[in-house]
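**Student:** Sharing a structure here in structure tokens format.
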Amino acid sequence: MKWQFEMFIFFIDKTCLLHIIYIYLILFDNAILSNPVAGLMVGILVTVLVQSSSTSTSIIVSLVSSGLLEVKSAVPIIMGSNIGTSVTNTIVALMQAGERNEFKRAFAGATVHDCFNWLSVLVLLPVEVASGLVSYLARVTVSSFQLHSGQEAPELLKTLTEPFTKLIIQLDKSVITGIALGDESMRNHSLVKVWCKSSMNVTAAAAQNCSTELHCGKDSDLTWITQNISSQINTEKCRHLFVDSGLSDLAVGLILLASSLMVLCTCLLLIVKVLNSLLKGQVAKVIEGVINTDFPYPLGWLSGYLAMLIGAGMTFIIQSSSVFTSALTPLIGIGVISLNRAYPLTLGSNIGTTTTAILAALASPREKLPAACQIALCHFYFNIFGILLWYPVPLTRLPIRMASALGECTAKYRWFAVLYLLVCFLLLPCLVFGISLAGWQAMVGVGAPFAALTIFILLVNLMQSHSPTHLPKTLRSWDFLPQWMHSLKPLDKLITKTTVLCCKSKKQTEQWYDNPALSLPEEISSEPRVFRLRGLERCNSTPL
């Protein structure tokens, strides 16, 4: 049976992919992914590390086509990958924190993707768990087509990047396959590939006892038997940085992960700087007029759907929604693209990124082709249902209003962006994943009260805004609670004080030189202070 582990990475983040797959395989042994909430959190965390939903969904498709993962368990991971991919453009927004208004627009444009994905998951994951709607539609679609296995999925950018990545690291896929098949001896093998070429040496050895598995023969009174013994001889070493490093797999993975994140952040910073320098003046006005203009009445509603097609087409070309949305974020920050127009472009990008998984599925073995195509189409239908929920009717475009509120909050408290990034993409997924490991009883015990409290707060906020007279006097505002429970001001004061304390020593050093009153006693002159009259600088002044 042919085991395929296609690796879809378009920057040098490819180097940490093997460790991500290894995490998946460990989870299979413990059957953790049968819990949909745990699968969702794993999808978020893995995609945050890989920085690409195209990559993580392609891994999932490969695992399904290999028979290591069932479609039912893979659907929540696919949903989680949609959430995790939006972390990249949120990081890009941090690069524009220097100017308050640009930061507000950029952060709103980045988080509109987050809000759409989180809202879609909150609605569609319970529906999928209860009814299997998404997987059913995907299965029906696959069964209606006569699909044939392909040899290899098209690789657009891998052709350009693979020669460079092979100079950095090469991975031994046979070790991954052995671990996946439960071969315990493979766990002691290094994942770093050392030998790239080898040959088979076949020898014949004599044996004493004849059996059906050996070649036996007779010559008069002599009985002879032979047995072929094959051995693998390594002939040529690979050429990459870590071939003779002697480092452990963990050390290599950490080095590559750190370096890839540094390169990623550098590239994102350069994207922001280049776009800010190019799109100014008349160029910005022309682009703004073209992109943000709607069709004449009564066809104005078609403008958003055209933007979706553009977003899907651009993402299909570059094979990465993270790259496309990250390029949009600085344009939103400088005001070239409005938030209302960036929203359908982002939704189209979500559709375009599903093509990578579909292409990967079409290259699966014949016996696993239906399952692989089914999970790839689950990704597609999830995004389609999300668009139907949160775009056609203007009142349902909650992600835009939520992102605008987050942008306003970030403009007031800039540290909120970092807190949001850590909570939504690291702390919350890790916390929920840890609770899910304790079983469904723990999930219900913790999740039910939290969900009830969240719904109550949302309803009270809604009534406070629209019909406060229907609420008791106490609930017409949150002033009866301690300030830290309904305002970020106390936390802002704490962070400000902490920042001041960190910089206090430096400021004091500067003040010793700037303010004579803060000079050290031995540095204070014993001579009487002289006051000089303006205009008489050239004359000798008399001490007063």
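Backbone N, Cα and C atoms are what each Cβ position is placed from, and that goes for glycine too.
Automatic prediction, not curation, is the source of TrEMBL annotations.
As annotated in TrEMBL:
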type     : residues : note
TRANSMEM : 7-28     : transmembrane segment
TRANSMEM : 40-65    : transmembrane segment
TRANSMEM : 77-98    : transmembrane segment
TRANSMEM : 118-138  : transmembrane segment
TRANSMEM : 250-272  : transmembrane segment
TRANSMEM : 305-331  : transmembrane segment
TRANSMEM : 343-363  : transmembrane segment
TRANSMEM : 369-393  : transmembrane segment
TRANSMEM : 413-436  : transmembrane segment
TRANSMEM : 442-463  : transmembrane segment
**Student:** Three or more CB pairs closer than 8 Å, sequence separation of 6 or more: does that hold for the transmembrane segment (343-363) against the transmembrane segment (413-436)?
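**Tutor:** Contact criterion not met.
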**Student:** Other than its close neighbours in sequence, what residues sit by the transmembrane segment (118-138), given a CB gap under 8 Å and a spacing of at least six beyond its ends?
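**Tutor:** Sequence-distant neighbours of the transmembrane segment (118-138): 36, 40, 71-72, 75-76, 79-80, 82-83, 373-375, 377-378, 380-383, 385-386, 389-390, 398-399, 424.
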**Student:** Do any residues, 6 or more residues outside the transmembrane segment (369-393), come within under 8 Å Cβ-to-Cβ of it, and if so which ones?
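**Tutor:** For the transmembrane segment (369-393), the list is 57, 60-62, 64-65, 71, 74-75, 78-79, 81-82, 116-117, 119-120, 123-124, 134-135, 137-139, 141-143, 147-149, 304, 308, 343-344, 347, 350-351, 354, 357-358, 360-362, 399.
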